[in-house]
Ligand SMILES: CC1=C(/C=C/C(C)=C/C=C/C(C)=C/C=O)C(C)(C)CCC1
Ligand SMILES: [Fe+2]
């Protein structure tokens with residue numbers, strides 16, 4: 001079966017469940033409102049925000065950022081996967097998850113540059129996938145062709161990663177330097193990207209965005225909303241310094257939308273979708289464990305942490321480690337939607 005623009009990837013019933021799943025329909029607009037508020041605040045009073053560069057990122061430790069991955073241990077069960085009901089296999093999955101995270105953490109010491117670029121690539125793909133899922137499952141986006149989904153994923157993932165990398169390379173270089181510093185490896189000198197590489201990436205981004213806009217015109221069911229949202233993301237990542245824009249996006253866009261998705265999963269064998277309170281309680285234990293890991297990392301790296309920026313780098317090292325298995329799990333969650341396209 002070939003999908004057409006008139007045929008959303010998700011059936012109408014699922015669309016309804018997802019959009020009403022939060023029981024607070026306007027919650028679906030929190031990401032757009034947050035990004036717009038940041039953009040306007042930055043345009044009106046940049047000086048006031050200069051002092052708060054890392055605030056959104058630090059807030060993400062407790063508000064939505066870390067918690068959005070804190071249900072990963074239960075997702076296989078709640079998704080109704082056969083192996084998610086077999087305790088031995090779930091234990092194996094958890095072991096794999098922990099080993100992958102530990103290997104990434106160790107990687108910062110052994111091959112920091114490879115892990116850094118790998119993390120940015122995983123972030124781009126994972127954030128793009130999150131948005132693709134939201135557009136299709138909540139906004140009813142269809143697929144005009146086999147290129148629609150990959151194009152959307154790459155374009156929407158590039159906005160919060162590749163665009164700020166091109167516009168604010170210094171912030172990315174500072175983060176890379178901070179990561180080297182906290183892990184006690186020699187800090188590289190010189191720019192992160194050469195001139196020709198920057199130019200090639202910029203050209204690729206322009207082509208990608210133009211192709212995505214063209215596809216949106218035929219694949220989206222809410223063209224104005226989708227293009228408006230994209231334009232806002234374009235503006236915020238092109239104008240607002242990377243720590244502020246990426247920090248806010250992580251919590252209030254990506255994590256918010258993922259938490260909304262988790263709310264729609266059945267919370268128990270007989271139960272319907274989880275309530276906000278129930279979900280918050282479910283997220284608590286792993287969030288506390290993750291914060292404990294951050295504290296342990298800090299104790300280990302304290303002599304090399306010189307201020308907010310190096311602390312942010314340390315926190316990022318932990319997020320990177322947790323993001324790799326988390327991104328793989330979310331990719332598995334989206335496998336059925338991928339199959340729809342391949343049918
Ligand atoms: C480059 C850069 C940043 C990058 C953060 C990233 C890329 C976070 C990714 C998080 C993910 C993917 C979480 C899981 O969903 C900071 C720290 C904001 C600060 C300044 C520069
Ligand atoms: Fe995520």
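The backbone N, Cα and C atoms fix where each Cβ goes, and this holds for glycine too.
The shown structure was predicted, so the numbers you read here are calculated from the model rather than taken from an experiment.
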Practice item. Figure out which of 68, 180 sits with 126, 254, 258 in the Fe cation site per TrEMBL. Key: 68
Exercise for review: List the other residues in this chain whose Cβ sits within 8 Å of the Cβ centroid of the Fe cation site residues 68, 126, 254, 258, in sequence order.
Suggested key: 69, 127, 130, 250, 255, 257, 326, 330
Practice item. Look up residue 68 (Fe cation binding site) in the DSSP assignment and report helix, strand or coil. Key: helix
Check your understanding: Sorted by position, what residues of the same chain at least six away from residue 254 (Fe cation binding site) have a C-beta under 8 A from it?
Key -> 68, 127, 130, 131, 160
Exercise for review: Rank 51-71, 92-108, 192-213 by Cβ pairs under 8 Å to the transmembrane segment (313-333) and hand me the top one.
Suggested key: 92-108
Review point. Would the transmembrane segment (51-71) and the transmembrane segment (283-301) count as touching if the test is at least 3 Cβ pairs under 8 Å, pairs 6 or more apart?
Key: yes
Check your understanding: Among the binding-site residues 68, 126, which residue has its Cβ surrounded by the fewest other Cβ atoms within 10 Å?
Key -> 126
